[in-house]
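Under the heading transmembrane segment, TrEMBL lists 33-53, 74-92, 122-142, 149-168, 188-207, 219-237, 279-297, 309-332, 352-379. The annotation domain 'Ammonium transporter AmtB-like' is assigned in TrEMBL to 35-237, 250-407.
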Amino acid sequence: MATGAFATCDVLAACPVVQEIIHDVNGDYADDATWVLTSSFVILTMQSGFGMLEMGCSHRGHEVNIMLKNVFDVIFGGLAYYMLGFGISHGSPSNSFMGLGDFLVDSNQNDQTLSGLRFSSYIFQFSFAATSTTIVSGCLAMRCRFMVYCFYSFYSVVMYAFVAHWVWAENGWLKEFGAHDFAGSGPVHMFGAINGFIGIVCLGPRLGRFDGSRPGQEFHASSPASILFGLFMLWWGCLVKKMMHDDVILEKRNPEEIANGILGALVSITATCVHPFEALVIGFVGSIIALLTNDLVEFRLRIDDPVGAIGVHGSAAMWGILAVGLFADTALPGIQVDNGLLRGGGLRLMGAQLVLMLAILGWSLVVVTPFFLLVGIAFSGDWRDFRRGLRVDPEHEISGLDQAYHGFLASIAGVQTAALF
């Protein structure tokens with residue numbers, strides 16, 4: 001009987017029709033992997049966009065330091081996601097809190113197709129983790145120790161993985177509760193912005209930012225062109241189809257505010273797929289919220305956020321999460337979500353979105369605040385002055401971190417930086 005079964009298998013394996021079917025299936029998997037990898041590379045270009053935007057918002061003498069922080073986001077973040085993050089967020093087996101397998105991502109020797117899909121999925125999921133991490137770079141620009149930021153890059157990717165599991169894993173507790181976030185307004189943008197806010201509070205403002213001890217022009221954007229170039233790279237990376245801005249609102253805005261308004265619109269629409277007109281409304285409101293929040297943060301609360309990340313990635317993301325509870329349409333193909341309040345869905349989905357926001361806020365406070373406190377104490381050696389362990393030396397902050405850390409003089413009048421080596 002067994003011999004007959006094996007013979008049947010051999011006949012089927014040699015059948016041209018079966019071989020063609022197998023070839024087509026493998027071809028479909030290859031197309032899937034190629035599409036996922038292509039999307040991943042587009043998203044990873046956002047690292048360059050974040051770097052360009054942050055560099056343009058900073059004053060001269062910090063450009064190399066800023067771009068190297070984005071490089072090490074990929075190095076340490078990629079290592080953290082390979083070792084722990086992918087397993088926590090998407091590993092199998094898993095429970096509602098975290099994945100329990102697939103750490104130290106490796107190939108499946110018994111199935112090359114599965115290995116290819118796994119590695120392409122790793123790159124794709126890591127691109128989201130890296131985006132969440134690099135948001136904090138802009139918040140702490142020009143005053144954070146380089147090694148402190150490198151440690152944060154590794155640590156934050158691991159902490160991000162838990163939130164990603166809650167929202168996107170099939171058995172994640174937020175997903176099972178009914179919360180919906182299509183592409184990362186919460187796990188990526190809000191999580192990064194809350195972490196950045198915590199970092200700002202722990203580090204304090206740049207020297208002279210609010211006390212008048214340094215000229216105000218030292219805190220103006222050094223390169224509007226760099227900001228706009230970074231904007232375009234971030235724009236494509238957001239994978240967003242629709243957004244809108246009012247010429248009346250943009251007429252008297254500077255390039256930094258224009259960029260933040262557009263980015264706020266993109267962030268706010270990331271949480272869901274909606275009809276085009278609703279995307280315009282969500283994006284328009286998100287841009288206004290981002291700009292108003294940044295004005296409040298800078299001029300009223302006197303919180304030093306050099307790139308405006310709190311408004312763009314924080315407030316706009318929160319609005320985007322809540323917008324799901326208003327506009328979600330269960331009839332749209334490709335997504336699984338309940339109807340929002342404006343479609344007769346009641347308050348169930350809105351309640352789940354509020355729980356999503358509170359979960360991210362609470363998780364950030366619990367895991368990121370101790371990180372900055374403990375690392376600051378470790379570097380300063382004094383628990384009463386942890387801030388000194390997080391910040392660079394005052395003279396280095398004023399002269400520029402490029403010279404102090406990387407051996408480059410600040411560029412002058414647009415001339416390229418000159419190496420000291």
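The backbone N, Cα and C atoms fix where each Cβ goes, glycine too.
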Would you confirm whether the transmembrane segment (279-297) and the transmembrane segment (309-332) meet the contact rule of 3 or more C-beta pairs below 8 angstroms, pairs 6 or more apart in sequence? yes
Which stretch from 149-168, 219-237, 309-332, 352-379 shares the most C-beta pairs under 8 Å with the transmembrane segment (122-142)? 149-168
Does the transmembrane segment (188-207) reach the transmembrane segment (33-53) with at least 3 CB pairs under 8 A, where each pair is 6 or more residues apart? no
Are the transmembrane segment (219-237) and the transmembrane segment (33-53) near each other by the rule of at least 3 C-beta pairs under 8 angstroms (pairs 6 or more apart)? yes
Is the transmembrane segment (219-237) in contact with the transmembrane segment (149-168), using at least 3 Cβ pairs under 8 Å (sequence separation of 6 or more) as the test? no
What same-chain residues lie close to the transmembrane segment (74-92): Cβ under 8 Å, and 6 or more beyond its ends? 44, 47, 98-105, 121-122, 125-126, 129-130, 133, 150-151, 153-158, 160-162, 164-165, 168-169
